[in-house]
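A.B. asks: Pasting the relevant annotations from Swiss-Prot:
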- Gly109, Leu129, Gly130, Asp131, Phe132, Val133, Leu134: S-adenosyl-L-methionine binding site (BINDING)
Amino acid sequence: MNITVLTLFPEMFTALNHSIVARAQEEKRIELNYVNFRDYSTNRHGRVDDSPYGGGAGMLLMPQPIFDAIADLPEAKRRIIALTPTGRRFDQRLAEEWSKETDLVFLCGHYEGFDQRVHDELVTDEVSLGDFVLTGGELAAMTMIDATVRLLPDVLGKAASHEDDSFSTGLLEYPHYTRPADFRGLTVPEVLLSGNHARIETWRREQALRRTLERRPDLLETADLSETDRRYLQSISGLSND
């Protein structure tokens, strides 16, 4: 997978030189490139922003540097993703969708964002990290790149490493425990020490359902629930409201 980031601050992305994303680069599973679109400004001072037509607060990123930077990229069938608080909210399903692509381009905005013509003519995806506003798109891009890259084949070693992650099943993930079994009087649930895999799977599913009901009940509206799941949720729904 080729990933290109258009940004005014490429130095911010050194965080991706660590951990899983770094390993994916070392193993040639992804290629990460950063383009400072200020380099494409035709303004002799390297200016990339101007005041908006019609007035209003803030400055807007001009279309010319973005259009020229995109035109300079190698020809490819690509997703061009604008990071914007007005976009679709990023989620695990979108990360999974992107992980099947071969070429992603992230546009990191600043100030009041991009001239609308960038969105109309270049962008395939307008995506937001959440219902809040960041200073720029860089942190959002790093988050989305990490979430996408870890889903690529063999990046985590085996598929099971992410198949039970929160949101991958439509639910929040169940609690995890490791040694020691008793830490300062805080004990691991007995079922996890039982060796009974069927009981363990049931416990994990129920814990995921309970956690989702308590913390993100909105996810249950679209989760793939069995009749057993529904009965369990019904049995605890009164408790979760107490």
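For all residues, glycine too, the Cβ spot is worked out from N, Cα and C.
Context for these features, please: burial, neighbours, distances.
C.D. replies: Under 8 Å, Cβ to Cβ, and six or more positions away along its own chain, Phe132 (S-adenosyl-L-methionine binding site) finds Pro85.
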A.B. asks: For Gly130 (S-adenosyl-L-methionine binding site), which residues of its chain lie six or more apart in sequence with Cβ-Cβ distance below 8 Å?
C.D. replies: Arg89, Phe90
A.B. asks: Would you identify which of the binding-site residues Leu129, Val133, Leu134 has the most other C-beta atoms lying within 10 angstroms of its C-beta?
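C.D. replies: Max Cβ neighbours within 10 Å, all protein chains included: Leu129.
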